[in-house]
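Positions annotated as disulfide bond by Swiss-Prot: C152-C154, C163-C196, C173-C186. Sequence annotations record features per position, and here Swiss-Prot assigns domain 'CHCH' to 160-204. Taken from Swiss-Prot, the feature region 'Disordered' applies to 95-144, 208-310. What Swiss-Prot lists as motif 'Cx9C motif 2' is 186-196. Sequence annotations record features per position, and here Swiss-Prot assigns transmembrane segment to 48-65.
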Amino acid sequence: MYRNTMRSASRPVIASLRSSTIRAAPRRFASTAPADKPRSFKGSLVRLGLAFGAVYYYNTSPIFADEAISKTVPAPAAFSDDDLPTVDSIVEEKRKQIKAKSEETAASSKTPESQQSNPQTAAADGSPAALEEEAGQQGAFNPETGEINWDCPCLGGMADGPCGEEFKTAFSCFVFSQEEPKGMDCIDKFQGMQECFKKYPDIYGAELADDEDGAPTPDFGDEQPSGEPTTAEVKSNGELARETKDKTAADATKFDDSQKPAESKTPAKTTSTSTDSAQKPAVDAHRDAEPKSDAETASSGSRMVQDVAIPIEKPVNDKYWQDMHKSEVQKKEVTVGITQAHDATAANEEIKHIERQEAAKKNAEKKQ
């Protein structure tokens, strides 16, 4: 009973509401745009957030990613610094190549005669530079450890002879020398080795013959090694400077005792100023005018010097008083000290050493 009454009472109310809503919402077609309504701030934020989210998803999602390239470039081979060639490895490889080439050439061109004469040739060509080059090629010297194999046949057995210790000292000094040119600080040791060779000419005859056939002794002219005092001119009055002569003789004796070499030394050559000047025709007349007694006192140690030279030729320019007047100027005595003579032995050794280096370079170029 109560339900029926409620339904009957609610029906007119529901009908009125439906009619009011239909009247309030006007009808429109699907193609027509809805009426513009003001949008709220929250709705704008939601729309912006959705737009940013869509863009982010498009950029990061693998669904929209481009397809991978089918053909890819292979990655470069990975290697460490240990695999790279070093300077030592390159030098060692070159030495092995040189050693292999030398062994091939030696095996192809070797004959029984060359095998017999090989030790003699090595002994004759036993210059420090050549021995060092050959020792480096045949493995006698190891630059990494600094060891020298004295039993190497490239040394010609010189390390085992009676002068073996002298040879080892000189050769090792030359190998480790840092001077330029190389070996300049080892001249004394090589001189000692040569002196030892001279004591055994039957064993080291080839070495001595090679040294004798080397470069000739250089001509130093008036500056040849001499143990005697320098010859000087005489006084015009013919008197000797006795005090100067005694002092010069004493100095010459000291100089001979201190500068005399061990065995081999070039003989002293005394050259007087009067003898050298005799070759000049312009001075011959002046020399002939002097008495013989003045010429005999040429080794007094004093030198006569003029303040102004006397012109010999005819006047060239009349404006200069030297060409107009020939005036004899009084000579005065000047004491000349003893000049130290050159050491010809050391000079010869240096020249021979340089020639040996050049010969070693030529041999190395030929072998290459």
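Cβ coordinates come from backbone N, Cα and C, glycine included.
Around C152 (disulfide bond), a 10 Å sphere centred on its CB holds 17 further CB atoms from the protein chains shown. Here the C-alpha separation of C196 (disulfide bond) and C173 (disulfide bond) works out to 17 Å.
Rounded to a whole number, the distance between the Cα atoms of C152 (disulfide bond) and C186 (disulfide bond) is 22 Å. Of all the disulfide-bonded residues in the record (C152, C154, C163), the one with the smallest CA separation from C173 (disulfide bond) is C163. DSSP labels the residues of the domain 'CHCH' (160-204) in these numbers: 29 helix, 0 strand, 16 coil.
For the pair C152 (disulfide bond) and C163 (disulfide bond), the C-alpha distance works out to 17 angstrom. When the Cα atoms are compared, C154 (disulfide bond) and C163 (disulfide bond) turn out to be 17 Å apart.
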